[in-house]
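Encoded as structure tokens, the structure appears first; notes follow it.
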Amino acid sequence: MSIQRFTVIGAGQMGSGIAQVAAQSGFEVRLHDVKEELIRKGLAGIEKNLNRQVSKERISEADRDGVLSRIQPAVTLEEAANEADIVVEAVVENMEVKTSLFRRLDGMCPTHAILASNTSSLPITEIAAATQRPEQVIGMHFMNPVPVMKLVEVIRGLATSDAVYKTVEELARAMGKTPVEVNDFPGFVSNRVLMPMINEAIYTVYEGVATPEAVDEVMKLGMNHPMGPLTLADFIGLDTCLYIMETLYEGFGDSKYRPCPLLRKYVKAGWLGKKSGRGFYVYEK
Ligand code: NAI
């Protein structure tokens, strides 16, 4: 199946990145969010990113204008959905919001359309079950920041067809990304491996083994990680880290995934990392 019309739902940090990369790869993109001003904000962010690429002479002004002209704001969901070959959903990480959205998209999209979710932890199989086309529902998990990061974790739900998997794999390649096939289990691969490491790093601070700076230094210099796990946790958001640990803990029922009490305490205090100005480190607003 060939993809030409690419719809992105959610114009936040991930959705606008996905829309940008899709348009830069030559697709006709429609971008939707709950309010027009949020779509405008997403578009302004994309323009700022592209201007930075122009100033670094990575793309020309004509390239930038071409990319922007390929992204159409879609104020209603109907307008976003009615001609789509694929929809990539990047709205809040909440099962009820996602299932209700997929149910509506299922009723509005052409019958051939693929419905993909950028969820970082929610089960694709459950999202798919809200539609009448579970074989055409799949996970397309981009990494943040989307224009920079090479990986797309492609998650097969229980019912996802081989043909749909293949189309999405080719689409990820056409977007300059490297797809990796993963089955639908809590945390997929990326967060199942990453989050317990971050959680363990938090335990070492909680138990007084070392300071956050020392933990990060060990992992950077000793393991060649570009960024220490606690700095990374602050970037991801400590609320998101806790949410994913809870998904792993509930999903597997295994105590090895129990979230560190210090992580819970920070989240309760509103210390959510970079976005709130304080997490394991303090940030200037
Ligand atoms: P965000 O908060 O920046 O953006 C979410 C956007 O969705 C907001 O603009 C919001 O208005 C919009 N939205 C909410 N409900 C909607 C609805 N019913 N219809 C249309 N738009 C709606 O969130 P972010 O970080 O972009 O995350 C989006 C998704 O991507 C989540 O599922 C998250 O787990 C996943 N993700 C996030 C990563 C990250 O590092 N932030 C990395 C990989 C995946």
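Placement of Cβ uses the backbone N, Cα and C atoms for every residue, glycine included.
Sequence-distant neighbours of ASP33 (NAD(+) binding site) (same chain, 6+ residues apart, CB-CB distance under 8 A): ILE9, GLY10, ALA11, GLY12, GLY15, ILE39, GLY42. Per TrEMBL, the feature NAD(+) binding site maps to GLY10, ALA11, GLY12, GLN13, MET14, GLY15, ASP33, GLU93, LYS98, SER120, ASN144, LYS275.
The domain '3-hydroxyacyl-CoA dehydrogenase NAD binding' annotation in TrEMBL covers 7-184.
Positions annotated as domain '3-hydroxyacyl-CoA dehydrogenase C-terminal' by TrEMBL: 187-283.
Counting every protein chain shown, the number of other Cβ atoms lying within 10 Å of the Cβ of HIS141 (site 'Important for catalytic activity') is 23. Secondary structure at HIS141 (site 'Important for catalytic activity'), taken from DSSP and collapsed to helix, strand or coil, is strand. The site 'Important for catalytic activity' annotation in TrEMBL covers HIS141.
By the rule that a residue counts when its Cβ sits under 6 Å from some atom of ligand 1, the binding-site residues GLY12, LYS98, ASN144 yield GLY12, ASN144. The average pLDDT the prediction assigns to the domain '3-hydroxyacyl-CoA dehydrogenase NAD binding' (7-184) is 97. MET14 (NAD(+) binding site) is 10 Å away from HIS141 (site 'Important for catalytic activity') when you measure Cα to Cα.
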